[in-house]
Amino acid sequence: MSMQAVARENRELILSVEHLKKKIGKKWIVNDVNFDVRAGEIFGFLGPNGAGKTTTIRMLVDLIKPTEGKVSICGFNVNRDPERALAFVGSIVENPEVYTYMTGWENLQHFARMQPGVDDKRIQEVVEIVRLDQRIHDKVKNFSLGMRQRLGIAQALLGRPRLLILDEPTNGLDPKGIKELRAFIRTLADEGMAVFVSSHLLSEIQLLCDRVGIISQGKVLAVGGVEELISGKVPYVIWQLFPKTQGIKLLHEEGIQLVEHAHEVLDDTLIAGLREDSVVTQMDSERIPLLITKLVSQGIQIKDVHTINPTLEQLFLDMTEGESIE
Amino acid sequence: MNSLLPLIKNETLKMMKKKRFYVVLLVLLILVPIFVYAQMKIAETNREKFNSDWRLAIRQAITDNQNSLQSARVPEEWKKYRIIYIQQMKYYLEHDVNPQEPGGVSFTREFMDNAATLFIPLLIMAVASDIVSSERSTGTIKMLLTRPVRRWKVLFSKLIALLMFVSLIVLSAFVISYLISGLVFGYKGFSIPVFSGFQLNGSDVDLSAVHAVPQWLYLLMQLGLIWFVSITVAILAFMVSVLVRSTAASIVIMMASLIAGTILTNMASAWTSAKYLFMVNLDLTNYLSGSPAPIEGMTLGFSLIILAIWAAVALFISFTVFTKQDILN
């Protein structure tokens, strides 16, 4: 067990999901899902469209009753004891739906009345945290999507939750807003909150989360630390060689694996950067210096060589075998 | 853990913010003057025709109805109503009481009698039909049900808010119609006696139970009965709102059954088991004024029990479905 894992074991268990199953009609939408989230940890939940992601999230907050298995929050069963379990949770499920005919402040008051110990002072506090103080007394129907998103987060924070559940939190945010949100979530986690985030933006999850769970067809394929999961992956190395054919021949002789269908395994941004003379290989980057010497000795010019470290997206594409992500 | 009071406050505030209640008041404020004007026109023509002698008008009405009893073209069921009507009018003549004496109170009584089965329920639809379905169609139900509050409490707070607003609507209908008609007919008439308790025995009208009731008391009884009907209708609409996601669908379902009720009342004298349907039991004030029951075997007590049973079943279904249901969208 690594040092990190030991440190993790010592933290308080906030959310625990055990053998969670849901059958709708004759189909098992969620089939034996297990994971847990501890205090101070940001957990990312990934899955393609229809993988059972939404159903799982709804079972976490008692919107859907599990067919089998259980969800516990701070030790309380969500399904059997929702009043106690949900008191520890702040959540936004899908879009932050608020009452558009009321002002932001009235919305927060409305949700404050539904939990004990939230007074106007606390409302003011969360309004300042999400920086909505300028517009909070406007009708929500005049809010932008980003402002509604922030109002939703304010609502989720009202009851000083131990667990924050955010379903696709960056929807409707501009790049600056996404950066801010990321920093904000990190601050919350550093203060000891457990954060559960679902997203279809893999790079975002990778930047944000400490641990991830990957779900496909109702089953969890992998759970673990981001580093830990991708460490087993061989990186890609992209070469620009002249003359190209000779270069490829040499790489081939050295037993280097060439990637034929680069556009299927690489991030879109990388594919866009590929040039006609690019050669994509999958290999250990330790071998690069020796290869360079060999290439040079054979008179092959090296215009560029760079390593693409394995990403979550790569791992995800491998695991779900190219199912579409949404 | 959580007390219900803040939840009820939430629901009441939402109801006010949605401004439906104001729409209801506005509808009343526009429609009542129209009815008042119509009533005024009737009073005017009567005065011209009978030289402002109400006895002449009543006698004329009695003769008209008696003539129609002889006609073979008038269906038997209708004759029943006319027999009672003739007897009532004769009774009023004998006791020298003008049943159509214009006044704010009489207008209100008459208006509420007519409004009880369709108009008031329609106003109630305005606040009841989207009370749950709107939370589902806008998605706010997810926010509501992920708070640390049991689902039955959420639904119960909605029910209480609804019942308060329904009571307020019934009361407003009375008050508005009295205040507006009073401008034209005067605010008097609380002590005018109204005869109640006519009973049909075969083809005879049984007068043994007839007694005079001062109009204020009559109005009070009427208010109680209309309130009871309104609560029942509201609870049924509440159930439909839990079961159906679309507000439009929920309004259509309720209105269709109410209108079916009025149609059935006119047809169902042959189909006696129709009396167990809630919609033919809505005309409770009928029992006060002494018109015959639409279907044999219906009495005030019977109708009250039927309505209560329907309401209880609707509540049971609403709470069972709402607490068990998966929120999938």
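Glycine is treated like the rest: Cβ placed from N, Cα and C.
Per TrEMBL, the feature transmembrane segment maps to B:21-40 (among others).
For B:115-133 (among others), the entry in TrEMBL reads transmembrane segment.
As annotated by TrEMBL, transmembrane segment applies to B:154-180 (among others).
Per TrEMBL, transmembrane segment is recorded for B:216-244 (among others). Taking Cβ pairs closer than 8 Å, the transmembrane segment (B:216-244) reaches residues 105, 108-109, 112-113, 115-117, 120-121, 124-125, 128-133, 155, 158-159, 162-163, 166-167, 169-171, 174, 190-191, 194, 196, 250, 253-254, 257-258, 278, 282, 284-285, 287-288, 304, 307-308, 310-311, 314-315, 317-318, 321-322 in its own chain, all 6 or more past its ends.
Sequence annotations record features per position, and here TrEMBL assigns transmembrane segment to B:251-278 (among others). Under 8 Å from some Cβ of the transmembrane segment (B:251-278) lie the Cβ atoms of residues 77, 117-118, 121-122, 125, 128-129, 232-233, 236-237, 240, 244, 294-298, 302, 306-307, 310, all in the same chain and six or more residues away from its ends.
The transmembrane segment feature in TrEMBL is assigned to B:298-322 (among others).
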Sequence-remote partners of the transmembrane segment (B:115-133) [C-beta within less than 8 Å, at least six residues beyond its ends]: 11, 15, 20-21, 23-24, 27-28, 155, 158, 161-162, 165-166, 169-170, 173, 225-226, 229-230, 233-234, 237-238, 240-242, 244-247, 250-251, 254-255, 258-259, 261-262, 282-285, 322
